[in-house]
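Below: the structure, in structure tokens.
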Amino acid sequence: MKSQLCLGSHPADVLPASNNSVHGGRGITSKLGKKSTLAALLKLNLVTVVTTLMLLVLFGGIFAPFLHGRVFRRRDLECTSVKLGYQCNQPFAQLWGQYSPYSSLKSKSPISPDVPSGCTITFAQVLSRHGARYPTKKKTELYAKLFDRIKETSKSYEDDFKFLKNFEYTLKSDDMTEFGNTQLFNSGAKFYDRYRGLAKEIRPFVRAAGSPRVIKSAERFIQGFQKSLGLDPDGVEKDRPPIVNLIIPEGESSNNTLDHSLCENFEQDNSGKEKQKKFVDLFAPPILERVKTHLPGANITVTDVIYLMDMCSFHTVMSTPDASKLSPFCQLFTPGEWVDYDYYQSLGKYYRYGPGSPLGAEQGMGFTNELIARLTNTPVNDSTSTNRTLTSNPTTFPLNATLYADFSHDNTMITIFTALGLFNSTEPLPLDRIRTPVESDGFSASWTVPFAGRAYVEKMKCDWSPRKDDEFVRILLNDRVYPLHGCNVDSLGRCELNDFVKGLSYAASGGMWDRCFIKKSGNS
């Protein structure tokens, strides 16, 4: 496959209480309005009651702020920090699926993400999603048409929906927001701080998929990295900043391990959307019914309900440089409805790009095999999406580096995590009820691929290891340790390097990549 390259060309308050009298909600996880009676409660089936109680416990009190009619804005702190990410509007902002801003999951990690005492990091790879962005061009067109239709058909605007009367859709498309730029700057600074032992002397080899927002993310990451280097009294060659070493074009004509688009049958698969639709048919109709009571006459559908919920995040991350101003779209929906929405987005990731997709893992095998090569300092052995021209050239794929930074998109990252086996213990997500991220062993859109989400792959040596030359591998997603599978994992979530590589034999074999190009029956 042909690939055009660019080498070294880029140096780098409180949520108001709702006026809606039925704002208690009727989503799957929140079926009781403020005027519900005991009789109404008894009509709920046992599964719903048990699920609701489990959610209250497993989300660690996530509903408490809502029950008091507020979401904490953390005005005493900055909205986003290098160490913790986005801290405003929590915990609400963790229910926006892949449109959630990055927030550290350290407190939700089953194992401490800190580098173990007595251990030294000898290799670190970050794989990052781009920062917060505007909607895609396609979605921008759909959203704009929705608001035009609401204005054309609505007879009145009631309660929390009053702002829609004068709302003008002015969001741009595709580009990163100012807040997204800040996210990636902070990400670069955090990467430097965490891996300072290497970073003070070594510059990461940086690659980016070819879309402008991904390239910009890499550049902002570099600026944050360089800022921390400049502040480090032990930093070496501070006038030698990292650069974006390689930009790999996106599209079906390019072999690109940072952007899925090559596997024909995978790209044509709609099973993920079909799974999402089954869940939408359960949770969205009651919301639509309620929304229509506040927009009498409005010509809207269950799909439009999802679009209105999307706007909560998109409008928030573009309104201010630090995303401190919560969009009025957010208060149109109840806590239970937001849990439903977050799960809806997770279903899309799981069944379209993750373990629930017949060819999801195959899309991430190219990157996985590149990672194996980097960890073991051996040539890439792959027959899937790698570009052999690039991987065989030490200029475009060096094997002697110890710091790597790659920038991609959420969907591709899910395929890579799947190929790495991070979700091997996650049972298939049900379509008729909610399963929390904790119950799903850490799988959810908001926990894995939020705006500016990142994975760290670490290789380390420990002075207390029986064999001093033993090297161990560990993977963190957004500061949460995801214990490895397919190898003998220890209490720190790690596997010995050679054992880790053996556990990736399916990816090394190419899996079912050959099915990508088999014509299905009925195709001409």
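Every residue gets a Cβ built from N, Cα and C, even glycine.
Nobody curates TrEMBL annotations by hand; they come from automatic prediction.
On a predicted model such as this, the values are computed, not experimentally measured, just so you know.
Annotation source TrEMBL lists transmembrane segment at 46-67.
In the three-state DSSP scheme, Cys119 (disulfide bond) is classed as strand. Long-range neighbours of Cys119 (disulfide bond) (same chain, six or more residues apart, CB within less than 8 Å of its CB): Met460, Lys461, Cys462, Asp463, Phe472. Per TrEMBL, the feature disulfide bond maps to Cys119-Cys462 (among others).
Counted within 10 Å of its Cβ, the other Cβ atoms near His130 (active site, nucleophile) come to 29, all protein chains included. Look at His130 (active site, nucleophile): DSSP puts it in coil. Marked as active site, nucleophile by TrEMBL: His130.
Annotation source TrEMBL lists disulfide bond at Cys263-Cys516 (among others). Less than 8 angstroms from the CB of Cys516 (disulfide bond) sit Leu262, Cys263, Glu264, Asn265, Phe266, Leu359, Glu362, each of them six or more residues away in the same chain.
Marked as disulfide bond by TrEMBL: Cys312-Cys330 (among others). The secondary structure of Cys312 (disulfide bond), as reduced to three states from DSSP, is helical. For Cys312 (disulfide bond), the Cβ neighbour count at a 10 Å cut-off comes to 25, with all displayed protein chains included.
Under the DSSP three-state reduction, Asp410 (active site, proton donor) is assigned to helix. Annotated active site, proton donor per TrEMBL: Asp410, in sequence order.
In the three-state DSSP assignment, the secondary structure recorded for Cys495 (disulfide bond) is strand. Positions annotated as disulfide bond by TrEMBL: Cys487-Cys495 (among others).
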Distance check against His130 (active site, nucleophile) for the disulfide-bonded residues Cys312, Cys330, Cys487, Cys495, keeping those with Cα within 10 Å: none
Proximal residue to Asp410 (active site, proton donor) among disulfide-bonded residues Cys312, Cys330, Cys495 (C-alpha distance): Cys312
Alpha-carbon distance [Cys495 (disulfide bond); Cys312 (disulfide bond)] in Å: 40
Alpha-carbon spacing, Cys330 (disulfide bond) to Cys495 (disulfide bond), which is rounded to whole Å: 42
The one of Cys263, Cys330, Cys487, Cys495 whose CB sees the fewest other CB atoms within 10 Å, among these disulfide-bonded residues: Cys487
Protein Cβ atoms within 10 Å of Cys462 (disulfide bond), excluding its own: 18
